[in-house]
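Trainee: Provided herewith is a single structure, encoded as structure tokens, for subsequent inquiry.
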Amino acid sequence: MAKISRIIGREILDSRGNPTVEADVYLESGAMGRAAAPSGASTGSREALELRDGDKSRYLGKGVTKAVAAINDTISPALLGKDALAQADIDGIMIDLDGTENKETLGANAILAVSLAVAKAAAAEKGVALYEHIADLNGTSGQYSMPVPMMNIINGGEHADNNVDIQEFMVQPVGAKSFKEALRMGAEIFHALKKVLSAKGLNTAVGDEGGFAPNLSSNAEALAVIVEAVENAGYKMNEDITLALDCAASEFYKEGKYVLSGEDKSFDSEAFGDYLADLSAQYPIVSIEDGLDESDWDGWASLTKKIGDKVQLVGDDLFVTNTKILKRGIDNGIGNSILIKFNQIGSLTETLNAIKMAKDAGFTAVISHRSGETEDATIADLAVGTAAGQIKTGSLCRSDRVAKYNQLLRIEEALGDAATYKGRSEIKGQ
């Protein structure tokens, strides 16, 4: 038994300069784990609650002293003496302590930080890497795979101050033979894209996730400049590199219409599905996340019938890493993939349950960061330990993004031949 001896919560800053919650968990043996909760910008309405103070005189109301107090005053006394190796029990105690469906009493940010710190302390107690401990918890011991990265190199929507409506334009180095090679390919394309944008007189400042945020005439132009950059970097579209979108469509869904204000266009649900189908026919787009609003289930069903056999349709705001909502989606033929963000649900155990449910149903699971991140690289270990197959953790700059890529490099090196990089076959429909 690895008894918890001390838990400390504190307020730290995330990559956007906003406060977030960090937790330290100490065991009687001296083993220790530390983890921080991330924070999103475009959030699904059904996400677990991120507890903020609301005191406008401090951090513009975004302080997290209430969540920190929940750790120090409520969670800590309940977990002292408990076994850190029993992750499901630990998470269950915190969920019961909170007592609400969306974790609004203690805050998902408080519960998650402790949940992840407990897992890290348990890994330290066992003397194993975090991905190995996660694999043990997940029942996937020894079944490791290196994830195909979705690299967000052009930002729009809620992640940037520009006129591009689609939130993320991503490249996937599917033709790489290893994660190390995939990362190099992505970095070379990122630098090539900067040159392409500069040559066109476009802005090369970056958004929250490290991608460029230029003003472009259309979403199609964003795809065109990426294709140019890929080719300039010496790679072949659809062979070495495929494309992925995160529309974050709930952000531009207004009164039953999908409004692309940057292009001065408006679509009903069926027509916007056709728009996405056309884009994926013109370009090698093999994955579309949140292509429709989180409440537009009829539209999602139609889009899934339309292109779900050849394009990965990822539910983020749609499913919010929640098994109850995911089950409805599976039962009703909605999408074919889930985005996994552990702060949407608020504990490691519930996150693992969502990944398992998705995989058992033939869905893919894409492990994801949030736009507000820290140096915490737990999602890298989560992706490898669950053999999820895909990860989305931003562009090829900003330390909060690169921290995850660097951790994946270390894991691949440590695993050696056991680290398989399967490339294109990890993506649903490919």
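The backbone N, Cα and C atoms fix where each Cβ goes, glycine too.
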Trainee: Report the candidate from GLU221, GLU270, GLU289, GLU294 that shares the Mg(2+) site with ASP246, ASP316, as recorded in Swiss-Prot.
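Mentor: Of GLU221, GLU270, GLU289, GLU294, GLU289 joins ASP246, ASP316 in the Mg(2+) site that Swiss-Prot records.
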Trainee: Which candidate from LYS200, LYS341, LYS422, LYS428 does Swiss-Prot annotate alongside GLN167, ARG370, SER371, LYS392 at the (2R)-2-phosphoglycerate binding site?
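Mentor: Between LYS200, LYS341, LYS422, LYS428, Swiss-Prot records just one in the (2R)-2-phosphoglycerate site with GLN167, ARG370, SER371, LYS392, namely LYS341.
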Trainee: Taking Cα-Cα distance, which of the recorded positions GLU209, ARG370, SER371, LYS392 are within 10 Å of ASP316 (Mg(2+) binding site)?
Mentor: none
Trainee: Taking only the recorded positions GLN167, GLU209, LYS341, LYS392, which one has a CA atom nearest to the CA atom of ASP246 (Mg(2+) binding site)?
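Mentor: If we rank GLN167, GLU209, LYS341, LYS392 by Cα distance to ASP246 (Mg(2+) binding site), first place goes to GLN167.
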Trainee: Are there residues of the same chain, six or more positions away from ARG370 ((2R)-2-phosphoglycerate binding site), whose CB falls under 8 angstroms from its CB, and which are they?
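Mentor: Spatial neighbours, sequence-distant, of ARG370 ((2R)-2-phosphoglycerate binding site): PRO38, SER39, GLY40, ALA41, LYS341, ASN343.
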Trainee: What span in Å does the (2R)-2-phosphoglycerate site cover, taken as the longest CA to CA distance among GLN167, LYS341, ARG370, SER371, LYS392?
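Mentor: Across GLN167, LYS341, ARG370, SER371, LYS392, the two farthest Cα atoms sit 17 Å apart.
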Trainee: Identify all same-chain residues not among ASP246, GLU289, ASP316 whose C-beta atom falls within 8 angstroms of the centroid of the Mg(2+) site's C-beta atoms; report them in sequence order.
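Mentor: Neighbours within 8 Å of the Cβ centroid, excluding ASP246, GLU289, ASP316: GLN167, GLU168, LEU245, CYS247, ALA248, ILE288, ASP290, VAL314, GLY315, ASP317, LEU339, SER368, LYS392.
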